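What Swiss-Prot lists as domain 'Protein kinase' is 4-286. According to Swiss-Prot, the feature ATP binding site maps to 10-18, Lys33, 81-83, Asp86, 129-132, Asp145. If you look up Swiss-Prot, you'll see Thr14, Thr160 marked as phosphothreonine, on the strength of similarity to another entry. Residues or ranges marked as phosphotyrosine by Swiss-Prot: Tyr15. The active site, proton acceptor annotation in Swiss-Prot covers Asp127.
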Amino acid sequence: MESFQKVEKIGEGTYGVVYKAKNKVTGETVALKKIRLDTETEGVPSTAIREISLLKELNHPNIVKLHDVIHTENKLYLVFEFLHQDLKRFMDSSTVTGISLPLVKSYLFQLLQGLAFCHSHRVLHRDLKPQNLLINAQGEIKLADFGLARAFGVPVRTYTHEVVTLWYRAPEILLGCKYYSTAVDIWSLGCIFAEMITRKALFPGDSEIDQLFRIFRTLGTPDESIWPGVTSMPDYKPSFPKWARQDLSKVVPPLDEDGRDLLGQMLIYDPNKRISAKNALVHRFFRDVTMPVPPLRL
């Protein structure tokens, strides 16, 4: 750790404090994530170290690069490339004008490229949300915290006792499915796509049941005909209210037909039928994709 000079605290992630820091040797600015583990007494689990070390191999322009893993007695520091802003802050600052459609399209396309790459390496994210999508002034967007969920688990609360958001969580996870697939990340990205378009969260639930019911009220309560096996999931209840599906044109009115079609395929209940990142990249919505520069106020 001696080779890094902390510049300032830039945030509090799910697992610990994040600092902007400078590598004293190279002069490079990095993001230092200090991982707080409950196992303070036992030190860092070796499984976590192994998992995290594998992530150093994930090299892709739309994945935040993990430069190094620094392991001291019972602390773990992850050294990441530094980016100026996250998508949540950018959306919050763009509430008046919103994010332009070409920029939404570019961001979604880039995020799908990052997802397709990770999924092809059998790495899931499991906790995608606007806070861990990072942007720069060149128009790039990158996925942060990839693979951390598998190494450390997704806690119910952060180390500062903040509730970890459920807004982007796939229905199969909410219904108690223990074995899930890359499709959970596509669901999360679908929710983020809608939020970039409408400027408000698609399903802002405040508990697991509220989260499920918000999804059901919009997409209809799922049954065996549209999602085979749903009624035998651990947390499925036959007493769930039966809501009818709403038309997506009412849910995301600014979006054109191609955009609605893609969103609909990202939000399919049955994870086996949900579109993959690879197939989403060739959807006609992206036939005119460009890479505009965001109006960043850094």
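Heads up, the Cβ atoms here are built off N, Cα and C, so glycines get one too.
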Exercise for the section: Would you mind listing, in sequence order, the residues at least six apart from Leu83 (ATP binding site) in the same chain with a Cβ closer than 8 Å to its Cβ? Expected result: Ala31, Val64, Leu134, Ile135, Asn136, Lys142, Ala144
Completion exercise
Most isolated by CB count within 10 A, of the recorded positions Asp127, Asp145, is Asp127
Fill in the blank from the handout: DSSP, reduced to three states, assigns Pro130 (ATP binding site) to helix
Completion exercise
Within the same chain, the residues at least 6 apart in sequence whose Cβ is under 8 angstroms from that of Ile10 (ATP binding site) are Val18, Tyr19, Lys20, Ala31
Exercise for the section: Take every residue in the domain 'Protein kinase' (4-286), average their pLDDT values, and give the whole-number result. Expected result: 92
Fill in the blank from the handout: Spatial neighbours of Asp127 (active site, proton acceptor) among the recorded positions Gly13, Tyr15, Gly16, Lys33, using Cα within 10 Å, are none
Exercise for the section: Would you mind reading off the Cα separation of Lys33 (ATP binding site) from Thr14 (phosphothreonine), to the nearest angstrom? Expected result: 10
